[in-house]
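> Before we start, here is the structure in question, set down as structure tokens.
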């Protein structure tokens, strides 16, 4: 899944206590309550749009044989939102500074709404309206990803800032899961359902746009634009009276720090060059970008975006059953991410990623073996059963001279336009190889066959592969799902942190786009060995983490820089400096702009 920049923030227990205290109050906290509800609603809607295509791809594929027959079209439908998000992130970086955080967020709402409107109105066989709609949705999501968490951190009071950013990330995860649950609950062969799913995703964004009209602009942005009085008035509306002076001081410090850090950097190109010309930052980028790329090359977004399809690979023909089983993986990913966010401060970042990678590699290997064994025992194609379908027979089967050795796997691999019609109540019976069209499922059922297999073959033990899939998600969410984002927040000097995190995030999204755009093509070319390819990348990633990535838990920035400069794997397990040395570096003010890694 696409992760919004800085959304995976770990808030302290005290911050959540302060937030819940505000929620319970009934007097002077209306403004901040309303602000919180608007932010969570927007995050939930963004998450819903991120997870929308996971469930709806099966609807589109089942009802549009033209799309079903071409894996590249399916990949385009799924991946174009990520491509749009990459472009949106680039645009959002300049828009939020030029037009303000509030108006930029509202612009993202409009893009998402019109993108979903195009999806609602587009007839499914027409590919381009669907692709353009997904690009518009992605543009909006990309702009939001660069703006919303920044808007929260600049607008909310210090005492609950971390809790609000954490809730924002959790609401995105919840929205993704809700999209899949909704797709399962209203599954139907009627294409109206697909349009309803798209419509449900668009309506909340319009409400969010209207609610944002009543929200304040970021006081930090106002102050930078010379509108000091407006900025202070915003703080007066959001903060308690006793907090106001402290918040104003923090505002001035943050604006001053931002101004100092941008004097030498200039525009984005200059900032990138400035960061790259600094040796310790360059080494930090090698670490940060590396873990972000390998986070995607383990194949997580192939599993998340094509989860129902992978379940069908395991031998589950029914689309509704595939959706139901894929909910397990999505739910576990959400729970695992939340759990990891809560325990990451207790355990070493490097150790968590290595353990996570070991589990990922094992599960990917298990998945490949399970699918290979299933294919080796695929039911055969009976030519007499197949002949009963007449013109509905797979064309490749008809033109092949010798089909005596054909089984289900050969039928499906012969052409993306072929399917295996089979009586799943008896796994020892043969089946028929038929052509895929809008009536193939009904024709299969009319011949007394109970299931039409289009992705995988009937299996005696489909749950074995699904168990490996579940264990893969657990292994991923424990470490690689969250820790790379934490590492990227801890390895860069403050003056380079923004541009470096942006570069690492962009590398993550580009890698995600590559994985999503190639998964179905790889499975068509390599079959179960596709998961071994991901296992190979995961092995490379684990070795990269062992040799290159430093352990940052409990280290100050100076200690992290010392480790990076050493460039030695044995130094990457460095223990923190003595307390008396660390004490010299502690900030004297509670709102110092210097970030420490003390957890």
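Backbone N, Cα and C atoms are what each Cβ position is placed from, and that goes for glycine too.
Pasting the relevant annotations from TrEMBL:
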TRANSMEM  35-60  transmembrane segment
DOMAIN    35-553  domain 'Major facilitator superfamily (MFS) profile'
TRANSMEM  72-93  transmembrane segment
TRANSMEM  105-126  transmembrane segment
TRANSMEM  132-152  transmembrane segment
TRANSMEM  164-186  transmembrane segment
TRANSMEM  192-214  transmembrane segment
TRANSMEM  463-487  transmembrane segment
TRANSMEM  499-519  transmembrane segment
TRANSMEM  531-549  transmembrane segment
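Quick one: how deep are these features, and who are their neighbours?
Note on the transmembrane segment (35-60): residues 1-2, 4, 7, 19, 22-23, 67, 74, 77-78, 81, 105, 109, 112, 116, 124, 130, 134, 137, 140-141, 144, 148, 152, 155-156, 164, 167-169, 171-180, 182-184, 187, 191, 193-194, 197-198, 200-201, 204-205, 207-208, 211-212, 215, 238, 304-309, 319, 322-323, 326, 330 of its chain, located 6 or more positions outside it, place their CB under 8 angstroms from a CB of the stretch.
Over the domain 'Major facilitator superfamily (MFS) profile' (35-553) the predicted model carries a mean pLDDT of 84.
Nonlocal intrachain contacts for the transmembrane segment (72-93), taken as residues 6+ away from its ends with a CB within less than 8 angstroms of a stretch CB, comprise 2, 5, 49-50, 53, 57, 60-61, 66, 104, 108, 111, 127, 130-131, 134-147, 268, 305-306, 502, 505-506, 509-510, 512-513, 516-521.
Residues 34, 38, 41-42, 44-45, 48-49, 52, 55-56, 59-60, 63, 102, 105-106, 109-110, 112-113, 115-117, 119-121, 124, 133, 140, 179, 182-183, 186 of the same chain, all 6+ positions outside the transmembrane segment (192-214), place their C-beta atoms under 8 angstroms from a C-beta of that stretch.
For the transmembrane segment (499-519), the residues of the chain that approach it from at least six positions outside its boundaries are 2-3, 5-6, 75-76, 78-79, 82-83, 85-86, 89, 93, 145-146, 265, 268, 271-272, 275, 281, 284-285, 288-289, 292-293, 295-297, 299-302, 305-306, 484, 488-489, 492, 530, judged by C-beta separation under 8 angstroms.
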> Take the transmembrane segment (132-152) and find every residue of the same chain, 6 or more past its ends, with a Cβ under 8 Å from one of its Cβ atoms.
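Long-range Cβ neighbours of the transmembrane segment (132-152): 2, 4-7, 9, 39, 42-43, 46, 49-50, 52-53, 77, 80-93, 95-96, 101-102, 104-105, 107-112, 114-119, 122, 161, 164-165, 168, 198, 205, 218, 502, 505.
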